[in-house]
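So that you can see what the record holds, here are the features copied from TrEMBL:
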- 11-93: domain 'Shikimate dehydrogenase substrate binding N-terminal' (DOMAIN)
- Ser19, Gln20, Ser21, Thr66, Asn91, Asp107, Tyr219, Gln248: shikimate binding site (BINDING)
- Lys70: active site, proton acceptor (ACT_SITE)
- 124-194: domain 'Quinate/shikimate 5-dehydrogenase/glutamyl-tRNA reductase' (DOMAIN)
- 127-153: transmembrane segment (TRANSMEM)
- Gly131, Ala132, Gly133, Gly134, Ala135, Met217, Gly241: NADP(+) binding site (BINDING)
Amino acid sequence: MCKLEKFNYALFGNPIDHSQSPKIHDFFSIQTGILHIYKAINIPLGQFSLEVSNLFKKNVKGANVTAPFKKEAYFFSSKLTKRANIAQSVNTLKKVNDKCILGDNTDGIGLLSDLIRLKFIKKNFSILILGAGGAVKGVLLPLLSLGCSIYILNRTVSNAENLVKQFNTYGKIFVFEKKVFKKQNFDLVINAMSRNIKKKNFVPLSLISAKTFFYDMNYSTENTPFIDWCSRIGVDFVSNGIGMLVFQAAYSFLEWHNVFPETNYIINTLSRN
Ligand SMILES: NC(=O)c1ccc[n+]([C@@H]2O[C@H](COP(=O)([O-])OP(=O)(O)OC[C@H]3O[C@@H](n4cnc5c(N)ncnc54)[C@H](OP(=O)(O)O)[C@@H]3O)[C@@H](O)[C@H]2O)c1
């Protein structure tokens, strides 16, 4: 028998028009029989705390948080999971009671689950990450925990340096400079720059090989510029971030409802559209 939730769930972001999260959560809801309502809500910049506390005072029980509010959600949370505390970034909120909103970060476990599904990751890999924003903060801990060496290449070098300072007690993490990279090429390249950034060469070709895996955290019905570049240079192992999106949503769903939904069907459906 279906269980009807009297509470609502939401995505908070700005902008939120491109988001696939409502579709994914509607699918999880139907599949598990936990009939919650999930809506994307555009939060005006500078008003996160005020708007979100009002929504939690009404009937919102849980939420996903996307750019640019993951840092604000971290400060907004009254209690944090260990992984959100280390990341200092929150993408999942859960109302525990009237006095307590729990903040979690499921981006890292979401990415790792998808890399495992794709067979794109092994212990001790050398990984180049392009970008040093909120999403990268969320994914570093599980990758470092696998013993991977991580090199960050970012437009603003000081942002990459700050991430290295934040995470270097958890494993091998460096700002990318040719002289500190001792191996011949990377095992995995992850693009975590904002959507639609175009580059003639995202990575110098001397740093990759025919065996390198390429993962774009971005996703779109069309090819992203990074995936287009991968096609241009003719590499074999390439994926966009739709699987990460589905897995991070599934782990949020688990946090809210104690049920882990099936993910393959929705990944395949969204990949085809
Ligand atoms: N698949 C998923 O589930 C998932 C989850 C999370 C995020 N994402 C996607 O991942 C992307 C990054 O998210 P985020 O939250 O980390 O965003 P963010 O905090 O805004 O960070 C953006 C990053 O892109 C860089 N950047 C922006 N404009 C650039 C330019 N013109 N040239 C070079 N670099 C530029 C920034 O560099 P500076 O430091 O120099 O500003 C920063 O490193 C977004 O597109 C988001 O949709 C996907």
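Keep in mind that glycine also has a Cβ here, set from the backbone N, Cα and C atoms.
Mapped onto this structure are the features recorded in TrEMBL.
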residue : record                       : DSSP class
Ser19   : shikimate binding site       : coil
Lys70   : active site, proton acceptor : helix
Asn91   : shikimate binding site       : coil
Ala132  : NADP(+) binding site         : coil
Tyr219  : shikimate binding site       : coil
Gln248  : shikimate binding site       : helix
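Cα to Cα, Ser19 (shikimate binding site) and Gly241 (NADP(+) binding site) are separated by 12 Å.
If you compare Cα positions, the residue listed as 'active site, proton acceptor' sits closest to Gly134 out of the binding-site residues Gln20, Gly134, Gly241, Gln248.
Checking the binding-site residues Ser19, Gln20, Ser21, Thr66, Asn91 for a CB within less than 6 Å of any atom of ligand 1 leaves no residue at all. Within 10 Å of Tyr219 (shikimate binding site), judged by CA to CA distance, lie the following binding-site residues from the set Gly133, Gly134, Ala135, Gly241: Gly241. Close to the recorded shikimate site, the chain also has Leu11, Asn64, Leu245, Ala249: residues not among Ser19, Gln20, Ser21, Thr66, Asn91, Asp107, Tyr219, Gln248 whose Cβ is within 8 Å of the site's Cβ mean position. Its Cβ placed at the centre, Ala135 (NADP(+) binding site) has 26 other Cβ atoms within 10 Å. Cβ neighbours within 10 Å of Ser21 (shikimate binding site), excluding its own Cβ and spanning all shown chains: 22.
For Asn91 (shikimate binding site), the same-chain residues lying six or more positions away in sequence with a CB closer than 8 A to its CB are Asn64, Val65, Thr66, Lys70, Ala73, Asp104, Asn105, Thr106, Asp107, Gly138, Gln248, Ser252.
Between the CA atoms of Ala135 (NADP(+) binding site) and Ser21 (shikimate binding site) there is a gap of 16 Å. With a 10 A radius on its CB, Ala132 (NADP(+) binding site) counts 25 other CB atoms from all the protein chains. Under the three-state DSSP scheme, Gly241 (NADP(+) binding site) falls in the coil class. Calculated from their C-alpha atoms, the gap between Gly131 (NADP(+) binding site) and Ser21 (shikimate binding site) amounts to 23 Å.
Listed recorded positions: Gln20, Thr66, Lys70, Gly131; maximum Cβ neighbour count within 10 Å falls on Lys70. Shown are the binding-site residues Ser19, Gln248; of these, the residue with the fewest other Cβ atoms within 10 Å is Ser19.
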